[in-house]
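J.: Not my notes, these are from TrEMBL:
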DOMAIN    A:17-197  domain 'Nitrile hydratase alpha/Thiocyanate hydrolase gamma'
BINDING   A:C108, A:C111, A:S112, A:C113  Fe(3+) binding site
Amino acid sequence: MSHDHHHHDHDNELDPMAARVRALETILTRKGLIDPAAIDVIVDTYETKIGPRNGARVVARAWSDPGFADWLKRDATAAIASLGYTGRQGEHMQAVFNTDETHNLVVCTLCSCYPWSVLGLPPVWYKAPPYRSRAVIDPRGVLEEFGVTLPKDKKIRVWDSTAELRYLVVPQRPGGTDGWSAEKLADLVTRDSMIGTGLAREAA
Amino acid sequence: MNGPHDLGGQMGFGPVAPEKDEPYFHAEWEKRALGVTLTAGAMGAWNIDESRHARECLHPADYYASSYYEIWIKALETLLKRHDFVTANDLAAGDAVDPAATPKRVLKAENVPAVLAKGGPCDRPVEGVPLFALGQRVRTRNFHPTGHTRLPRYARGKQGVIDAVREGFVFPDSNAPGQGEDPQRVYTVVFTAGELWGEGADPSLEVSIDAWESYLEPA
């Protein structure tokens, strides 16, 4: 969006959902039930502060520090908190590690559960019916749509987030990255590789 | 409930169509929708399970025709009306017309960082030893409650193996209708694709769910 309708008064320009949300915000604000400035802070937090860069730092640290990787396996919530990533939709974390034998994929078939504290807000496709319906029955077909073809004998483990545990996939470390710093490694870790719909980038 | 949200294994929705370099928001109103939903939730009148249930109670035709933020806003209106914060008059006028119930709290801007950083942990202490052990074969119950549940249809009445014994957690089936947290232990239960999908299932695939103890029986 090139400009912010919220601060203008041209209701006739708004599409129905924009008008509906603005009406709700107006009603709640005038009744003193919400603070619109709190909304600004929430939006800023998830636009600029909490995103997949958090998760990428967790993965890069696990790749470069076996002690941290072991901690992440045993108690992901605590290990991730040690890097400063805590809070809403990351209260109960589990890290699942891709191996030569097994590829992990995360879905929430019932709603949109997603590890916000390490990946930020989920993409639209993660919350939409095509992914939620097919990830548990045809994950190879789903992965093909992301440009990922796994060997036929590679096992796939799909984690359906039906409770309050939130899953972070730790992709396999790409070859040719020996001696790389954690910061450089983090650049190889994509959001999709931490959902399982992608792999880590190859070393350039 | 066997609602429109319970999507695992359904067909006909087409390709996933991931968007390259997708922005966090596709319109300004989506930002406000996120913020209104979170700040209204912070009043403390309903819990996360009640809000999930409000979303899955949308008519299926409405649910499937709506984007996720649209689903959030439609369910939020239901919750606000149910808890006497907003009336049909208010919504028709697009303005505050009727008086509102008093909220437990109002989330102020200066408190947002602390509230988001704290989140809403829903692990709870539970008494006694776990009914099921790592590696044990179990069967999920076959039930079709009209209220909220987190046991998806595709995984009901299926045999699986306990893959992890977790902590106790708030039980959504009782928490959503306001009947109390009734915490139970949660287990990760893994199924072969053959058990879930039968003929033609991918032999290399396993799927796990996280299941509350009362969803499970010894196999």
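Note that the numbers count up from 1, one per residue, in the order the chain is shown.
Any Cβ shown, glycine's included, is placed from N, Cα and C.
The structure displayed is predicted, hence computed values, not measured ones.
Mind mapping these onto the model and telling me what they sit next to?
T.: Its own atom aside, the Cβ of A:S112 (Fe(3+) binding site) has 20 Cβ atoms within 10 angstroms in the protein chains shown.
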J.: Using a Cβ cut-off of under 8 Å to chain B, which of the binding-site residues A:C108, A:C111, A:S112, A:C113 qualify?
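T.: Listed binding-site residues meeting the cut-off: A:C111, A:S112.
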J.: Write out the long-range same-chain contacts of A:C108 (Fe(3+) binding site), meaning residues 6 or more apart in sequence whose Cβ is under 8 Å from its Cβ.
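T.: Long-range Cβ contacts: A:Y114, A:Y126, A:R132, A:D160, A:S161, A:T162.
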J.: What's the most sparsely packed of the binding-site residues A:C111, A:C113, counting other C-beta atoms within 10 A?
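T.: Sparsest of the binding-site residues A:C111, A:C113 by Cβ contacts within 10 Å: A:C111.
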J.: Apart from A:C108, A:C111, A:S112, A:C113, which residues in this chain have a Cβ no more than 8 Å from the mean position of the Cβ atoms of those residues at the Fe(3+) site?
T.: A:L110, A:Y114, A:P122, A:K127, A:R132, A:S161
